[in-house]
């Protein structure tokens, strides 16, 4: 009845445009008043009504003069059923019934209400001319909070109200809503609801990335299940081999039943029984965690399948950059990341700032912890050296050591709510207390390492033996295979570089690292190896020849007591293969600098001490410490299980003060992102000229106090710039569907040039940029040693391209030019590599860098470069003719070359 009275008093929908504008202004003022007063509620029936100020004032005056103290329609059961979720309609009066501040009229205490205005619960309300359509979800009862009100405001802005469906199309049936507001019918609606209400973006983005790396729900469940079964098999098989076999009876027995120990479980030592109980509890806990993670994985599967449109069958082939672009397209559907929320609605959210979620922000969230570890290694704050007799100090940082450091340091730093950064580290007054607590954590982590070391050593040894024994027995040459150590990989990693991208870059460096170490000739060793291979091959060839003549007789012929010919054939063949592998190859060209240049290009690691010394044996020795045989890496892993307690209890506590100071001085608070490492914020708008002129990149000049301070905050080995250019190379795209270098989509390019008499990489023969990295990154693993030949050498452009994966504040500015970039391509033998090229007056000299090609994503940019080269192109000569011929082929012209 109250709504009918207002409908007669207020203007109708057929008023003129001026009255509609005034009504809209009044509605905005009413909405703002509702937001500013959290104790008010909303009468849903009057959502679509329009009010004039004088009408409301007259109505309030009439109500006060008649001594009316009616209750809101929200108090009725029908209104409570029609209220939106999260809105408490029983405790407060509607917003339109609140007295105006300028004309507040005190209400009388008389409770007499006219009979016509009474709304009894048992009486039927008057029929609504516009009945509520069927199929709408029933309200979910719950307390009214700021978060639920913000959700309702967002939903009201993005979806039409119930009253707007009059005479329209039938409303879609949302399906039943289960207890707690969870959708039970439509998985797409459930995935949308979960994304809209997601507030912990760090955890959610981590789950999204783990799902992508894990290749989908079924692959992740299968991998974890097989891992549990493998660990159970290893422990059970070790128990059987250790306690259920009588090894003293092996020599005189020919059946397994004769050597088995009956009721062997009673013979197991108490210490091993304790270990079995601990392992059983851990295994059951892991299995329970797998079962409880299935609903979460199912929800992530729906998110990929319905919102990102990426089914599990495509998740192994789609690029991460496409996943990022599709997540960015969903930002306006989330409360915390939406850009279309009003300031009044934003005030009701827990986070007053809009959460940032572009490519840089997603990488910063995923790498929030790893960025700090990369910076700790870059600044050389963690002292993980162990003095070894006759060998000096050696770096010992294996996966076991990294796990304990993460437990002692990173779990302490990120001990805030929901695993966030602990704000105590940002305050200098907490320094002494934090140092004391960090030393205590190092000590107790060392105690835990001592307790777990015996079990870990036995388990890892058995697992490694069961996994690799067959491979090493079949091919002994695999014992010499090398890999980068864990310490080296942390030195190579870049800021905001996701693990799967780093693994791809590391894999590209493997073939060149092997060829580099094989470049250093050892003349004496090679001569001896050739002689041994000759002798072993001679004996083996004679034995094989006699075997072919009379195999039945000669195979049982004993050359030495108890050793037949077949035994000696196997021994001599093994000796020959090992000696032959150490002999030099006839077609090998010795040029260590060439191969190490390619290793540096992919690893992006080049200390200052290596400058102009890539051919020396000292550099080879330093590189060999980073690239060691796998068998030595495994031995170091076993040794670290014994050495790690020493590091945790004696070495690392001495670094506690520097660690605490590091987290305070290299942490910044970013609005919409939280606390993050300062190195993860790239200089998109500041440019790189000032960074290149920083003290860390200057030499030979006297450094004052200001320069020393800048040097302290500067990353070593140009790590910051390398990370910046690497990130742009990974995520740079124009949004046209093609990335910087998508394989199979580029135009025709001529074949690579042949090496000339000056060497394969001389100044006239352009370098072959192997495994050049584009946005698509190509297939994982080791890349072929070829790419298209540039027309005039790759050249960096002055203006960077814009990327659809970056927000406007992250777009590279014109100041962020590529000259001076540390990411230059492998240079020639007679050319100084990796040197920035300065501009000369009247001439633009571009550095020889493969990053330049990755920034050229349009054919127009390449044509502009060709036009710039045209005026000074006529230099004559055979090389010029070949260049013109290659250019004609690249442009697709079938005509001849003009001479």
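Cβ from N, Cα, C; glycine included.
Record features, source Swiss-Prot:
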COMPBIAS  23-33  compositional bias 'Low complexity'
COMPBIAS  63-73  compositional bias 'Polar residues'
COMPBIAS  90-104  compositional bias 'Low complexity'
COMPBIAS  124-142  compositional bias 'Pro residues'
COMPBIAS  151-160  compositional bias 'Polar residues'
COMPBIAS  851-860  compositional bias 'Polar residues'
INTRAMEM  442-462  intramembrane segment
INTRAMEM  630-650  intramembrane segment
REGION    1-173  region 'Disordered'
REGION    769-876  region 'Disordered'
TOPO_DOM  1-224  topological domain 'Cytoplasmic'
TOPO_DOM  292-441  topological domain 'Cytoplasmic'
TOPO_DOM  463-527  topological domain 'Cytoplasmic'
TOPO_DOM  574-629  topological domain 'Cytoplasmic'
TOPO_DOM  651-899  topological domain 'Cytoplasmic'
TRANSMEM  225-245  transmembrane segment
TRANSMEM  271-291  transmembrane segment
TRANSMEM  528-548  transmembrane segment
TRANSMEM  553-573  transmembrane segment
Which numbers of helix, strand and coil residues does DSSP report for the topological domain 'Cytoplasmic' (574-629)?
34 helix, 3 strand, 19 coil
Let me spell it out: take the intramembrane segment (630-650), skip the flanking residues so only those 6+ beyond its ends count, and list any with a Cβ under 8 Å from a Cβ in it.
384, 386, 396-401, 404, 408, 442-443, 445-447, 449-450, 453, 456-457, 460-461, 464, 479, 481-483, 485-486
Please spell out the DSSP helix, strand and coil residue counts for the topological domain 'Cytoplasmic' (463-527).
48 helix, 3 strand, 14 coil
Averaged over the topological domain 'Cytoplasmic' (463-527), what pLDDT does the predicted model reach?
86
